[in-house]
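Per TrEMBL, the features are:
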type	residues	note
TRANSMEM	B:21-40	transmembrane segment
TRANSMEM	B:46-64	transmembrane segment
TRANSMEM	B:71-89	transmembrane segment
TRANSMEM	B:95-117	transmembrane segment
TRANSMEM	B:124-143	transmembrane segment
TRANSMEM	B:172-191	transmembrane segment
TRANSMEM	B:222-245	transmembrane segment
TRANSMEM	B:251-284	transmembrane segment
Amino acid sequence: MQYLIQLLISGLAIGAIYGLIAMGFAVIYKSTGLVNFAQGEMTMITAYIAWTISTTVSGNVFVVALGAILAAILLGLIIERFVMRPMLGEPVFATVMVTIGLAVILRSAINFIWDAYPHGLDIGMGHGIVHLGGIGVRTGQLAVIATLLLLLAAIWAFFRYSKVGVAMRAVAADDRTALLMGISATRVHALAWAASSVIAGIGGVFFALSYDLSPAMFQLGLKAFPATILGGLDAVLGSGLGGLLIGITENLAGGYVGSGMKEVAGFAMIIVVLMVRPFGIFGERDIERV
Amino acid sequence: MRTGDYKQSYGELVALIDSPPVWLWSAVLLLALIAAPHLLNSYALSFLMIILITVTGALGLNILTGYTGLISLGHVGFLVTGAYAYAVLVSKYHMPPLVGFLGAGVVPALASLIVGAPSLRLKGLYLAITTLAFSFIINTVILEMRWLTNGARGIQVQRPEIFGISFDSDAAFTYLCLGIAVLTLLATLNIRRSRVGRAFVAIRDNDTAARVMGINLHAYKLFAFVTSAFITGIAGALYGIYLSFVSVEGFPFLLSIEALAILIVGGLGSALGAVLGTILIVLLPEATRLVFSLFSAQLDTSFTTGAQELKSMLYGLVIILFLRFQPRGLVGAWHDIRRTWVHWPLRY
């Protein structure tokens with residue numbers, strides 16, 4: 001029982017990180033109709049920038065957080081402006097392949113700029129241990145779960161009530177009609193890329209805090225795919241919850257079946273789910289006409 | 001006056017090669033390739049081998065992604081399955097190499113049924129991600145089945161001997177790769193002009209319309225998966241023999257992306273494009289290295305230390321630039337040049 005609860009809690013913690021990155025995927029998909037295959041790499045760059053700030057400027061939590069958020073916004077805006085905007089109006093396949101090319105470039109750039117060795121991110125927080133009913137939990141793990149839940153609520157409210165959120169939904173539903181209604185699609189896209197970069201970046205920083213910072217971190221993006229597919233590519237909230245579900249599944253499979261299963265439990269799960277609902281658990285079914 | 005190249009019968013429309021000059025140039029190219037192993041040094045020969053093996057794999061992916069429009073991010077999964085099937089049959093159970101090659105085709109083809117069946121309901125990005133999932137699952141399966149695959153330790157593979165002919169030397173192995181690449185090229189060109197190939201293209205262009213015209217979507221999609229996996233598996237076996245060692249690390253995920261890059265750079269859905277794309281992508285790092293070394297020796301050393309990174313950055317950049325400026329790839333560029341040449345000084 002103790003073991004099960006331990007697995008569940010650490011599953012929730014890693015699942016919250018997957019959830020954050022999966023929300024990054026969903027925010028971009030919802031407003032631009034693209035899957036951003038460079039999401040894992042963007043997550044990783046933000047984490048590396050946070051690490052650089054903590055070792056060169058100041059280890060203060062607020063300085064690091066502010067610096068990382070600003071860097072993530074800048075990264076999202078630069079990518080949108082110089083890589084994605086020229087592809088506006090091209091077929092989806094072409095645009096998605098561009099994000100794959102971008103992923104390859106960013107991943108190599110990280111190895112080129114920083115080194116290939118793992119580093120620990122230390123901002124003097126997140127390593128303390130809290131005892132919950134006899135089970136030790138790190139504060140960083142609790143913080144990431146809380147952050148995910150807060151962001152889920154904030155994003156729900158954003159899409160439901162704010163004018164910009166409604167505009168984003170309009171662009172996603174039909175960008176031509178949205179343009180005719182006076183919504184600037186490029187501005188909505190820029191906002192989506194910046195927001196997605198920040199949300200996923202938060203996940204990356206939390207990952208670096210709980211585990212290690214290493215060039216293998218881009219795999220977080222691949223791990224978050226099952227989460228966002230499970231939730232439905234167009235469901236931002238579903239993706240966040242999908243992350244938690246994938247985290248728990250992975251940990252249970254790793255704890256009870258074998259460590260090899262831990263790596264692929266998520267992927268195996270999406271294949272099964274997609275056989276039943278090809279558009280994800282919370283996704284919407286497209287109706288196509290010839 | 002003839003103003004263009006017009007087809008006047010169905011026979012001309014589906015001809016394998018429609019003009020005598022193309023026959024001539026193909027024959028010249030084939031003769032050059034046959035002479036090449038005797039003329040090139042071993043360094044240049046290794047590039048020729050890699051190009052021939054990669055062409056086979058790229059033609060395999062072209063059936064699925066280029067003709068049928070099903071995007072696969074997991075083709076490295078079929079490649080590694082083929083390589084392991086060959087290595088297990090030939091190195092471990094000492095079967096003849098021909099049986100090994102057959103296994104290298106059939107095992108991935110069976111695996112593709114497993115991944116293809118759930119993919120039938122999926123489209124576009126969802127399908128891309130399912131195939132990606134497949135390539136990760138296959139890696140784990142291989143690592144877990146230690147009794148068959150030696151797990152992470154991998155399997156040594158010898159160059160084969162078929163019908164008493166030893167393919168041990170580089171020149172002989174190049175001929176083997178050349179033979180398989182030419183066979184694959186002829187096979188895919190023939191598939192493209194057959195009833196099946198036209199059904200594939202109809203599915204790519206609009207699957208709902210194709211279905212209304214009486215094309216069985218499930219059967220043809222599965223068929224595309226199986227054929228593509230069969231060819232890719234054989235390319236995998238060749239690659240395993242070339243490396244002389246088959247392990248999961250020898251087939252990184254980047255190969256899937258490289259394969260898609262080849263198709264995009266060459267021109268999606270064209271066999272000629274797959275060939276041109278392969279040549280460009282395989283030779284790109286080498287060409288860059290030569291250009292760098294011309295400028296200065298110091299630049300050259302910095303390139304060798306960060307070579308892997310710069311090489312992958314170049315891939316990324318080439319994919320993005322082609323998609324942005326020449327989405328029809330090298331084949332599209334070639335068609336444009338030819339049209340300009342024929343019609344000059346008119347615009348069209």
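Cβ coordinates are placed from backbone N, Cα and C, and glycine is handled just like the others.
Residues of the same chain lying 6 or more positions beyond the ends of the transmembrane segment (B:222-245) and with a Cβ under 8 Å from any Cβ of it are 49-50, 53-54, 56-57, 59-61, 63-64, 67-68, 70, 72, 75, 78-87, 100-101, 104-109, 111-113, 115-117, 119-120, 154-160, 173, 176-177, 180, 184, 187-188, 191, 196, 200, 203, 251. Sequence-distant contacts of the transmembrane segment (B:21-40), counting only residues of its own chain at least 6 positions beyond either end whose CB sits under 8 Å from a CB of the stretch, comprise 48, 170-172, 174-175, 178, 182. In this chain, the transmembrane segment (B:71-89) touches the transmembrane segment (B:124-143); three or more CB pairs sit within less than 8 A of each other, excluding pairs fewer than 6 residues apart.
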